[in-house]
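**Q** Okay, handing you the structure first.
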Amino acid sequence: MNGNRKLLNKIGSFVLFMGPSLFAFTCVLLIPLVYGIYLTFTDYSPIKMSYEFVGINNFKAVFSDKEFWQQFGKTLKYVLYSTIFCNILAFLLAFLLTGNIKGRDFLRAGFFTPNLIGGIVLGYIWKFLFSNVVTKLGEILDYQFLKTSFLTHPERAIVSMIIVTVWQYAGYLMIIYIAGFVSIPQDVDEAAEIDGATGFRRLWHITMPLMVPSFIICFFIIISRGFMTYDLNLALTNGQPYGSTRLAAMHIYQKAFQANEYGIGQAEAIIFFVTVAIVAVTQVLLTKRFEVEA
Amino acid sequence: MKERKGKLKYIRYVLIYLMLIIFIMPFYLMVINSFKTTQQFVTNPFALPEKIGFGNYVNAFNKMNFLQAIGNSVVITVISIILILLTSSMAAYFLVRHPWKINKVIFAILVASMIVPFQAIMIPLVSIYGSLNLMNSKWVLIFMYMGFGQAFAIFIFHGFIKNIPGEMEESALIDGCNKIRLFFRIVFPLLKPVLVTVLILDVLWIWNDYLLPSLILLSPAERTLPLSTYNFFNTYSVDYAPLMAGIVLTIIPILVVYLFSQKYIIEGVVQGAIK
């Protein structure tokens with residue numbers, strides 16, 4: 001009798017504390033995820049009355065869809081370059097902004113500003129800059145390269161995406177790198193200085209290895225955000241010109257909601273998910289190997 | 001040696017301020033051009049406006065239905081975040097204080113779910129909620145944010161609560177305090193530093209989110225600020241000048257908040273990333 005009441009009590013508090021949280025989580029994440037895997041084996045479409053089980057046909061369709069893989073490749077390229085340049089810039093900014101520098105908080109706040117603003121608005125700001133301001137600058141300087149807008153050029157439009165992404169996230173990653181610099185114990189660095197290590201060697205042999213945790217976080221953030229980029233893509237280029245900047249996330253959106261191919265779109269989304277997971281986990285494992293104890 | 005150090009310092013300042021100028025140049029150009037006519041903007045985007053008129057702003061304000069959009073954004077952001085903070089902190093507390101097997105499994109699932117990109121959920125989400133006729137409602141959207149916000153918030157709260165000793169709670173329980181009151185009287189106030197972290201990261205996410213609301217909120221009356229900006233640009237793409245005023249209008253509210261809370265925001269981003 002007593003045991004029963006105790007169990008009831010336990011279940012009661014479980015429902016009270018965990019209920020709302022688990023209910024929402026299950027309804028919007030778990031169920032759609034499982035149902036989504038089921039959808040990949042059907043030819044479901046919202047404009048049809050009924051749908052059928054089609055086995056792995058959707059995956060076959062995706063694997064033979066050249067356009068998808070081209071855009072997937074473009075996405076990988078975009079993520080790779082954004083990751084490299086954003087981290088270099090962020091690290092440099094953090095390096096310049098650590099230690100005694102006047103107006104430090106003001107400067108940090110300034111570099112962080114783009115992160116307060118959503119991708120839609122950032123995309124439109126840069127659309128003006130690329131199509132009106134940069135071209136004008138080209139005219140004034142009489143510099144041919146800048147005279148035509150980056151956004152109308154199939155090769156260079158993706159560069160504009162990378163530029164904006166680097167600009168947007170550099171301040172974010174900078175803040176994480178600054179926190180990393182600050183957490184390096186002073187005595188290790190001082191000891192190396194006394195031993196006669198020069199500035200550059202100290203940076204390379206002492207600071208960098210101790211910064212590995214920051215590198216892991218920063219790479220992870222920009223890689224996962226890069227893959228999911230949609231708003232910025234939509235506002236800045238909308239996949240143009242000639243579909244040359246249609247990144248994977250946009251491709252999936254259009255497959256599902258414009259072509260009404262839910263099954264194929266979802267199969268792409270699952271492939272996308274698996275790729276993101278593999279890249280993110282590999283990155284963390286690879287960088288972890290460089291980790292040292294202070 | 002000393003002279004060299006002084007020179008280096010000088011170079012450092014020049015370098016950093018030069019970079020800052022390049023960084024915030026886009027915003028400066030937006031603001032100065034938002035006061036011009038389209039013609040003036042196209043002829044010379046670098047010149048200062050001849051006179052400060054607010055015509056573009058009035059135009060953008062009306063066409064964007066600015067008040068309605070910002071109202072929707074505020075309601076959705078505030079209610080979603082209150083719900084996320086309350087439910088996830090309670091769940092995290094329960095998970096820490098009751099290390100049952102099932103709770104460990106639940107926590108593992110929550111943590112693992114953080115790697116799922118939204119694109120993997122979006123199609124089934126639309127098809128399920130669409131067939132249940134639950135689209136086009138702010139309340140459904142708020143419920144979705146509540147669901148999507150759980151994993152990260154629980155993860156952060158879990159890490160924090162783990163380090164709070166449980167003795168105080170035990171003595172309160174012996175005194176006959178019930179569990180809910182105990183949580184809100186004793187535990188919740190202790191969570192303040194992490195509450196701020198989760199709050200800030202969630203504001204930045206929900207306030208600026210475009211994709212999810214664009215899938216759920218279909219009628220113009222429900223539009224949030226990013227949706228209304230998108231719509232404004234697609235409808236009036238020929239006349240540039242009011243568009244730029246529209247951008248400035250959209251940015252102002254969050255910049256004002258930033259001005260007063262930048263320290264917390266930056267600290268919150270660091271804390272959220274490190275954990």
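Every residue gets a Cβ built from N, Cα and C, even glycine.
Below are the features I grabbed from TrEMBL:
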- A:72-283: domain 'ABC transmembrane type-1' (DOMAIN)
- A:12-38: transmembrane segment (TRANSMEM)
- A:78-97: transmembrane segment (TRANSMEM)
- A:109-126: transmembrane segment (TRANSMEM)
- A:157-182: transmembrane segment (TRANSMEM)
- A:203-223: transmembrane segment (TRANSMEM)
- A:269-286: transmembrane segment (TRANSMEM)
**Q** Under 8 Å between C-beta atoms and at least six residues away from its ends: which parts of the chain pack against the transmembrane segment (A:12-38)?
**A** 266, 269-270
**Q** Report, as numbers and ranges, every residue of the chain located at least six residues beyond the transmembrane segment (A:157-182) whose Cβ falls under 8 Å of a Cβ in that stretch; write 'none' if there are none.
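**A** Distant contacts of the transmembrane segment (A:157-182): 74, 77-78, 81-82, 85-87, 89-91, 93-95, 97-98, 108, 111-115, 119, 122-123, 126, 130, 150-151, 207, 210-211, 213-214, 217-218, 221-222, 225-226, 229, 232-233, 236-237, 240-241, 244-245, 247.
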**Q** Taking residues 6+ outside the transmembrane segment (A:269-286), which of them lie with a CB under 8 Å of any CB in it?
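**A** Those are 36-37, 40, 59, 62, 72, 79, 216, 219-220, 223-224, 227-228, 248-249, 252, in sequence order.
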